[in-house]
Amino acid sequence: MRRGYGRLAASDQRGEAPSPTGRNAGSPSSVSLVAAFLPPDLDQGAAVLVLAVSLIGSALTAAFSAGGGLLLVAVMTAVMPITAVVPVHGVVMAGSNLARFAILWRHVAWGTLTWFALGALIGAAAGSQLVLTLPGTVLRLSIAGFILFTQWGPKVRMPDGRGAFVLAGGLSAVLTLFVGVSGPFVTAALSKLPGWDRRRLIATAGGCVSLQHALKVLVFTLAGFAYAPWVPFTVGCIAAGVVGTVLGTRLLVRLDERVFRLVLRWLLTALALYLAAETLF
């Protein structure tokens with residue numbers, strides 16, 4: 001992990017004197033109870049926006065297994081200290097995906113999840129060192145290219161074997177350290193497994209991605225990121241995410257399998273194009 005990451009994050013969170021337009025502006029009586037639970041560099045308007053996107057993004061991910069994480073990290077990047085985005089996003093998405101996993105646990109492909117977890121452990125350990133040297137631009141474009149290939153390239157099926165799952169777990173664990181999100185990569189890979197319906201895909205992807213984000217949080221904790229000021233806010237985001245997950249799961253149950261596959265294909269394509277455009281331009 002980059003040296004000084006924790007110190008930089010801590011200094012960002014302390015910030016400078018409050019701006020007249022910030023959440024501490026005005027008389028003391030104007031400071032709400034909500035503001036008292038926010039980290040120093042996050043005003044109330046930004047906090048409400050992130051909470052709302054946590055709910056909407058979780059509903060989107062619960063219904064289609066992709067989209068919510070990238071939407072949330074984009075909004076966080078716009079309104080939060082940049083050094084806090086990936087670490088805090090990891091906590092929120094770990095909670096949201098764990099809720100999805102818990103609701104649909106009966107549909108989980110446990111063998112796939114077990115081997116994926118082994119690969120994720122290896123990938124997180126390697127990624128904590130690789131993050132020092134590999135350019136994030138290359139990885140973002142690689143994710144976009146992989147997703148587009150799985151959706152529009154020759155019809156190939158992902159090998160349904162232990163080695164393939166270990167490899168997918170390792171690669172996606174490395175990617176989430178650099179990019180912040182790996183859900184589209186995981187979903188694109190699992191969606192090509194033969195015989196999987198939408199519930200099995202959503203449930204298993206939820207387990208895989210929640211594990212990845214938990215490992216990412218561990219890596220950033222060991223790197224020295226100061227999570228304490230963000231705890232109340234992240235708890236609120238997780239709660240909003242759970243509500244969104246419940247709503248999204250209800251939509252999933254009502255979806256026709258063909259409609260689900262069609263929407264998923266175009267959603268993944270849009271996410272890949274957005275990721276490529278954001279990286280290049």
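Cβ from N, Cα, C; glycine included.
Heads up, TrEMBL stuff is auto-annotated, nobody curated it.
The following features are taken from TrEMBL:
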type	residues	note
REGION	1-26	region 'Disordered'
TRANSMEM	46-64	transmembrane segment
TRANSMEM	71-92	transmembrane segment
TRANSMEM	104-123	transmembrane segment
TRANSMEM	130-152	transmembrane segment
TRANSMEM	164-190	transmembrane segment
TRANSMEM	202-227	transmembrane segment
TRANSMEM	233-252	transmembrane segment
TRANSMEM	259-277	transmembrane segment
Among the ranges 46-64, 71-92, 202-227, 233-252, the one whose Cβ pairs under 8 Å to the transmembrane segment (104-123) are most numerous: 202-227
Residues from the same chain, set at least six apart from the ends of the transmembrane segment (233-252), whose C-beta lies under 8 A from its own: 37-39, 42, 47, 50-52, 54-63, 68, 88, 91-93, 95-96, 99-100, 103-104, 198-199, 202, 227, 260
Tertiary contacts of the transmembrane segment (164-190), as residues 6+ beyond its ends and Cβ separation under 8 Å: 61, 65-70, 73, 85-86, 89-90, 93, 97, 112, 115-124, 126-128, 130-131, 134, 136, 139-140, 143, 146-147, 150-151, 158, 196, 201, 204-205, 208-209, 212-213, 215-216, 219, 264, 268, 271-272, 275
Surrounding residues of the transmembrane segment (71-92) on its own chain - C-beta under 8 Å, 6+ positions past either end: 5, 8-9, 12-13, 39, 41-42, 46, 49-50, 53-54, 56-57, 60, 176-177, 180-181, 213-214, 216-217, 220, 225, 227, 230, 233-234, 237-238, 241
Long-range Cβ neighbours of the transmembrane segment (202-227) (under 8 Å; 6 or more residues past either end): 1-2, 5-7, 9-10, 13, 62-65, 69, 83-84, 86-88, 90-91, 93-98, 100-101, 104-109, 112-113, 116-117, 120-121, 124, 127-128, 169, 172-173, 176-177, 182-183, 186-187, 190, 196, 234, 249, 252
Beyond the flanks of the transmembrane segment (259-277) by 6 or more, those residues with Cβ under 8 Å of it: 64-67, 70, 140-141, 143-145, 147-148, 150-152, 179, 184, 187-188, 191, 198, 252
